[in-house]
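Taken from TrEMBL, the feature region 'Disordered' covers 1-49, 238-267. Among the features that TrEMBL reports, compositional bias 'Polar residues' is placed at 22-31. The feature compositional bias 'Basic and acidic residues' is assigned by TrEMBL to 32-47. Residues or ranges marked as repeat 'WD' by TrEMBL: 152-194, 195-226, 278-319, 320-361, 364-404. Feature annotation from TrEMBL assigns compositional bias 'Acidic residues' to 246-264.
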Amino acid sequence: MPIESGSCASARQAKQKRKSHSLSIRRTNSSEQERAGLQRDMLEGQDSKLPSSIRNTLLELFGQIEREFENLYIENLELRREIDTLNERLAAEGQTIDGAELSKGQLKTKASHSTSQLSQKLKTTYKASTSKIVSSFKTTTSRAICQLVKEYIGHRDGIWDVSVAKTQPVVLGTASADHTALLWSIETGKCLVKYVGHVGSVNSIKFHPTEQVALTASGDQTAHIWRYLIQLPTPQPTADCNQMSGEDEVEFSDKDEPDGDGDVSSDCPTVRAPLTSLKSHQGVVIAADWLVGGKQAVTASWDRTANLYDVETSELVHSLTGHDQELTHCCTHPTQRLVVTSSRDTTFRLWDFRDPSIHSVNVFQGHTDTVTSAVFTVGDNVVSGSDDRTVKVWDLKNMRSPIATIRTDSAVNRINVCVGQRIIALPHDNRQVRLFDMSGVRLARLPRSNRQGHRRMVCCSAWSEDHPVCNLFTCGFDRQAIGWNINIPALLQEK
């Protein structure tokens, strides 16, 4: 009758241990529902001031944490058994290899190498498990700090741009592929003014710094300056969206998109013609913005140029050439005569008009794909976003390399910076919106669930730091804009 060697016996013993251990795991999983029900019953029997929905959410989170640590503990035990089995096997092999014994030092080295590999596996497993737990807490924190307040529904096609008025009354503006720009009451979500002067997609909208005047750029190769006169209605209480915060994220189909005619009333005032039309481009005008003071405007076009205009006379002051491919965006500095343009040629350029007699240009190279936008912050920084899935923070005094790089999992569209708090809002192709600080630290992700958030690509974001109801707005190709309330002090405290 054959006799088992020491190594075979130890291997069979380890296999039996793992088999019995897997049975214990199945028993543990089968009892999870009973334990969760018992914990819920115990929780319901305790006095608490928390709403039942929040208590249930907390219970589920703590249950998940317990399961993660239990699974981690079980994996830890099994890995330790494997380490012991390996050491036993190595010891047995050390006595029989070629009839000669391994020296104690050689055996120790071999066992140490194998043990270090398993230890690395243990560390990797621990890191993966704990990262899931941390992710759960981050998601809950984001939902508490970032709350959806209002949805602005009424466009018939995707919304490319969103902007907030800088003068009273403070209104929200949206630019859409349906050839219109709409102005909204932030508090009520009611459409106040509809601009229909363009015959192509409206690609951007910006408000004059001191007057009730808007600047829109369009696919009809023009930019329009038009005046609006509105009176805000009495604000109505907004719906509490906290009850929606516990839903899981799901995929959406086009059938779930909001009705394009939903909230636009038939008596909404319509502006049909501009005060001024800027017409020097030979291609789509993709963006436009006001220079500080509002006496000049800059436009960016697919004809690879940016143009600087005198607003009063509509005359072309400068044609800014140098980009090798279509421009994607332009932005002006809030306090200085500086312009930054971005392009599909993977660069963005800084144009300096502070000296009336000459304008200089600096080229920033650092992205590997289309630069979708570049915006100024207060001070000497520019933040650029790209289809290469990165966002970079630059110092205007040193353009050789960025001072911070944010790497993401999706292409980044038109970014916006909260000037006072230096928080960057990143809208993504994958429907997510993330918040980062200027050093590249992730602060939060705006919640998405089956009842709130964008259903398709998020195109743009805009901050309104002083508004009491909403201080961040996003828009997307799901034909809606969304107003969010971001608890900035709590957000920064979490950091």
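Including glycine, each Cβ sits where the backbone N, Cα and C put it.
Automatic prediction, not curation, is the source of TrEMBL annotations.
Within its own chain, the repeat 'WD' (278-319) is flanked in space by residues 161, 200, 203-204, 206, 208-211, 213, 215-219, 221-225, 325-337, 339, 341-343, 351, 353, 359, which lie at least six positions past its ends and keep a Cβ under 8 Å from the stretch. Within its own chain, the repeat 'WD' (364-404) has Cβ neighbours under 8 Å at 328-329, 331-335, 338, 340-344, 346-350, 410-417, 419, 422, 424, 426, 436, 438-440, counting only residues six or more beyond its boundaries. Summarised as a single figure, the pLDDT of the repeat 'WD' (195-226) averages 97. DSSP places the residues of the repeat 'WD' (195-226) in helix, strand and coil in these numbers: 0 helix, 17 strand, 15 coil.
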